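This report concerns only the one structure given below.
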Amino acid sequence: MESGGGVVDHLADERSKAQFDVDEMKVVWAGSRHDFELSDRISRLVASDPAFRKDNRVMMSRKELFKNTLRKAAYAWKRIIELRLTEEEANKLRFYVDEPAFTDLHWGMFVPAIKGQGTDEQQQKWLPLAHRMQIIGCYAQTELGHGSNVQGLETTATFDPQTDEFVIHSPTLTSSKWWPGGLGKVSTHAVVYARLITDGQEHGVHGFIVQLRSLDDHMPLPGITIGDIGMKFGNGAYNTMDNGVLRFDNVRIPRDQMLMRVLQVTKEGKCVQSNVPRQLIYGTMVYVRQTIVADASRALSRAVCIATRYSAVRRQFGSQNGLETQVIDYKTQQSRLFPLIASAYAFRFVGEWLKWLYTDVTQRLQANDFSTLPEAHACTAGLKSLTTSVTADAIEECRKLCGGHGYLCSSGLPELFAVYVPACTYEGDNVVLLLQVARFLMKTVAQLPSGKKPVGTTAYLGRVEHLMQYRCGVQNAEDWLNPSVILEVFEARAARMCVNRAQKLGSFPNPEEGFAELSAFLAEAAVAHCQLIVVSKFIEKLQQDIPGGEGVKQQLRNLCNIYALNLINRHLGDFLSTGAISAKQASLANDQLRSLFSQVRPNAIALVDAFNYTDHYLGSILGCYDGNVYPKLYEEAWKDPLNDSVVPDGYQEYIRPMLKQQLRNARL
């Protein structure tokens with residue numbers, strides 16, 4: 001975004017080097033012209049409103065921080081109503097406010113849970129209240145003792161046919177609900193997940209709508225113990241969210257507050273399966289994981305934007321007389337930074353594809369077609385794991401790429417890291433998810449002899465015989481620019497790793513023992529499969545009609561090749577040990593990678609400008625649009641409360657006596 005008020009653009013020279021139309025790349029990044037215009041309008045609306053200021057977050061105490069978040073959330077809701085924003089616009093506004101809040105869980109988990117698991121009658125009753133924020137909800141699944149293992153949850157919901165009620169109870173300390181956002185201090189209601197018990201029989205874990213607090217004075221209702229679980233990692237960061245603890249002491253709720261779209265409990269306590277397939281619930285999971293992948297591309301692109309702009313501003317070494325060398329011109333900086341720019345674009349495009357997949361899965365489910373569901377489930381689980389792990393590591397790498405100044409809160413990177421890293425754990429621990437993918441891949445390989453054709457992202461395993469025989473034909477560095485060569489190399493590596501793991505698994509008399517023993521080995525095959533998906537979707541994107549002409553397309557080709565060749569470099573052991581490529585071809589891939597870095601260099605600033613982030617959203621002095629870093633850092637330092645007084649509090653009490661003491665008996 002342009003600097004206003006006649007401010008000198010210190011990155012103007014960098015921007016003039018771009019070999020493509022940045023405005024058209026903004027549209028490509030956004031997904032469509034409509035999405036670009038919407039994001040641009042709403043982000044500017046938020047950035048220009050002083051009520052959404054966030055540069056003082058890290059200085060606040062927890063109580064101040066939380067109250068400030070409540071103020072912003074209430075103000076955002078007021079603006080949404082005043083401006084008559086659509087649901088799409090309102091979601092964008094909350095996104096650009098850029099502060100974890102109870103509303104994230106209300107709109108992102110509570111409302112979708114009722115939509116996905118509630119009957120038509122339940123939706124008609126609860127959704128209007130939720131949409132008008134007359135009730136505020138959260139999603140109470142995780143417990144003190146169980147997270148990933150949902151079937152191990154201990155909270156019980158026992159049906160009492162005498163009163164036509166469920167009794168919700170926390171039988172142990174470890175059954176306390178623990179972590180749900182919005183629960184600690186704000187939510188009036190929750191979708192609570194508990195073990196359904198009727199007539200002494202257990203029927204698995206199901207969701208129940210439970211009121212937690214009075215709608216008059218916000219006090220907890222009888223039988224409910226509720227509070228916040230305490231400070232979390234980082235300054236500001238996720239401490240704006242009231243992650244909560246919740247215990248039930250035989251709390252009674254009406255029978256019709258069990259979410260009964262799939263399973264119904266009658267007045268007599270009989271469980272009746274509805275004609276709605278249970279698999280529909282997986283559609284919600286695909287949706288949530290798709291949004292997490294999209295969030296990964298945003299968080300990664302944000303960190304990369306900061307690191308790239310600062311790398312162009314910062315100069316160090318390399319000159320006896322005159323200007324020192326820009327840090328971005330060092331090959332060591334490029335080899336760490338440019339693959340992260342490429343990853344941001346790669347994750348953006350695979351996120352776009354996941355949107356399509358969600359729509360496709362939903363339509364199939366409504367038509368009672370479950371054929372693609374296991375593959376879609378495995379694919380979204382794997383991509384959630386891959387993209388969040390890479391993004392968390394990449395934000396930290398960007399902090400290191402910014403040197404010492406990256407450690408300042410005003411760089412925006414410490415807080416971005418602290419806010420983002422929980423994504424590696426929530427909605428499925430990343431290692432657990434990789435093992436789910438590995439299990440699906442092993443099952444797919446095991447079914448190949450029966451003639452069952454793999455579908456979707458596993459379709460390449462249907463050509464396993466060819467891929468086991470495949471020999472890469474790369475003769476020179478330029479051959480690595482051929483997308484079909486790259487794709488087949490990644491397919492061969494993934495297929496061979498899958499077959500190899502399946503063979504090792506087959507040598508164990510007990511498959512479950514084998515799976516446990518080989519789990520780390522199996523997770524590597526899952527990663528290879530997921531990386532293949534990202535590479536293939538980037539290549540597919542390049543085959544589409546892209547606005548902006550050849551200039552834009554060439555930059556995307558460069559980024560696609562950097563993404564793929566960098567992965568080959570990073571996972572060379574896989575590619576060599578499976579025989580997918582030779583040592584000579586690996587060396588040629590590295591040669592081509594260095595050449596690609598040189599081609600990206602003049603376009604680097606323009607490529608991150610295409611993310612179209614306001615300075616408000618970036619929240620970083622190092623990443624500010626005009627590159628005027630040093631005066632802003634100097635000015636920011638004086639705003640610290642420690643600088644309110646020249647002589648610090650505590651000087652008279654502690655420092656002065658130390659300076660004035662007479663050390664007659666000291667042995668120093």
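Note that Cβ sites are derived from N, Cα and C of the backbone, with glycine treated the same way.
Since we're looking at a predicted model, the values are computed, not measured.
Around the Cβ of GLU427 (active site, proton acceptor), the same chain contributes VAL288, ARG289, ILE292, LYS384, each under 8 angstroms and 6 or more positions distant in sequence. Residues or ranges marked as active site, proton acceptor in TrEMBL: GLU427.
In the structure as shown, the Cβ atom of THR142 (FAD binding site) sits within 10 Å of 19 other Cβ atoms. Here TrEMBL flags THR142, GLY181 as FAD binding site.
The average pLDDT for the domain 'Acyl-coenzyme A oxidase N-terminal' (21-136) in the predicted structure is 96. Under the heading domain 'Acyl-coenzyme A oxidase N-terminal', TrEMBL lists 21-136.
Annotated domain 'Acyl-CoA oxidase/dehydrogenase middle' per TrEMBL: 138-251, in sequence order.
For 282-442, the entry in TrEMBL reads domain 'Acyl-CoA oxidase C-alpha1'.
For 482-660, the entry in TrEMBL reads domain 'Acyl-CoA oxidase C-terminal'.
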### Query
Does anything in the same chain, at least 6 positions from GLY181 (FAD binding site), have a Cβ under 8 Å from its Cβ, and if so what?
PRO100, PHE102, ASP104, LEU105, CYS138, MET241, ASP242, ASN243, GLY244
### Query
Between the stretches 21-136, 138-251, 482-660, which wins on the count of C-beta pairs under 8 angstroms to the domain 'Acyl-CoA oxidase C-alpha1' (282-442)?
482-660
### Message
I'd like the per-state residue tally for the domain 'Acyl-coenzyme A oxidase N-terminal' (21-136) from DSSP, helix first, then strand, then coil.
### Response
90 helix, 0 strand, 26 coil
